[in-house]
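Enquirer: Dumping the structure here so I can ask a few things about it.
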């Protein structure tokens, strides 16, 4: 009986893997393309090498991005508003290019080779930035932008070209790297396994811990080096950090569990839309079995069999017009003779439905990242107008103030994993304590108060400077960084976990890249808002040229701009509540609970939310 039971269990597992195409040991390969061994490949040991790359790469890019406005304004002599837009456009491009890196990885190269190739691209950008910052002939003549009242010579011609080439080499490398760092580390765990799903949630928290560590070192040590020894040395330190990250990546080559690329990920998606439009006049049958490929699908009402049958894609009623893509045309010929651009499987259609469903969640995080853009641009410039002296001989670099939330998060993230997750898991029965969508919502709500705090402090700073001729301490702007840091711990990690866990086989890197794409749109929206606000407010300002048009923050109205962002953030939060209630987790992508393993307390397979 034991032998017969073992044989049946093996058949169930094999059938589950075939029906969903999940990432099992058989289709995960080592660096030579051979099937992985459970006791040798993957797990937290392999993920640690990726986490080290995450920390070192973050150290390099954060040291450049967070203090870039100082270099662009003081050394390249671009006006303040233009400098802020250069920084936000650069950071926006970094995150937008993450889609390119995710597509390239899933379709052709795989995560490991994508990281290795574009890691060297990013390294070359850091080196070129260091060379330009070191050689005076590659920069405009020295000039104090604050004293010259905008009369300094702006970088143009080959000097500007070298700067932008170096900057966007860094953007290309970092953008292509980011989603693959997350997905390569997460691929070391099997998300369809109940035990490893808990480790996967832990990995996402560790990944954010590595992110915070890299940011903290960049905003303290590296920014201090930039301030006291020059930007050329600072950029050189970023290059050295990137080199160490690449070494860490290579050290884990022998133990990685790699997911092979599967060809273009967009072709199956495009086929569904083309087929649905072609058959738009057809009527969807009420019987699911009449749809092409329905043998791999179960109805949503039959979820009670999920735990025994393994992973099976669930048919949903959302976006029913896409179901027309798999209607068989009864014209006397075999359905298999129809082109893939005219006839798709139900499984293929359900995968496209998942992609469409996550778009509203993605859109609701754009305003959140617009707030982040202000903390890396205007808040840094705000700090330069304040009293930065800590002791008689020591001054705090304004960009280093962004390290305050990461100091807090270094302690808060482990506490969240050690105390908060186990406590909430007892009540919810969920591996991560609360769902990723609940975590994102908490973060979006907290972010609003960051801008409220920023507006109040800026109003106070401006009044002190204009009416009392006094300078506030730079620590007055610390609370807005602390509040946003807390909100980012919830939103950033929740969003990454949400996209990865809702991703389909062969699309992990691309869907994870949507997280970073949200950053991109947030920073681009910041640039658009700055230009739009200047244009609108200049018509009602008597000669001031708009809220953010002057190089002097005492003449600008940054506080009103912060109030505008606070209002937009609050509206966005209520919009997110609506979108998250509308969204439902696809049960197909939830961890499979083995037959011999009891259900967690509070787990309801009929209601995965």
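For all residues, glycine too, the Cβ spot is worked out from N, Cα and C.
Curation plays no part in TrEMBL annotations; they are all automatic predictions.
The annotation transmembrane segment is assigned in TrEMBL to 42-64, 84-105, 112-131, 160-182, 203-227, 233-256, 354-379, 399-419, 440-457, 477-499, 511-533, 560-578.
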Enquirer: Counting Cβ pairs under 8 Å that are 6 or more apart in sequence, does the total for the transmembrane segment (203-227) and the transmembrane segment (440-457) reach three or more?
Expert: no
Enquirer: Using Cβ distances below 8 Å and needing 3 or more such pairs, separated by at least 6 in sequence, tell me whether the transmembrane segment (399-419) contacts the transmembrane segment (112-131).
Expert: no
Enquirer: Counting CB pairs under 8 Å, which listed stretch among 42-64, 233-256, 354-379, 477-499, 560-578 touches the transmembrane segment (160-182) the most?
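Expert: By Cβ pairs under 8 Å, 42-64 leads among 42-64, 233-256, 354-379, 477-499, 560-578.
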Enquirer: Determine whether the transmembrane segment (233-256) and the transmembrane segment (42-64) share at least three Cβ pairs under 8 Å, counting only pairs 6 or more apart in sequence.
Expert: yes
Enquirer: Under a criterion of three or more Cβ pairs within a distance under 8 Å and sequence separation of at least 6, are the transmembrane segment (477-499) and the transmembrane segment (560-578) in contact?
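Expert: Answer no: the transmembrane segment (477-499) and the transmembrane segment (560-578) share fewer than 3 Cβ pairs below 8 Å.
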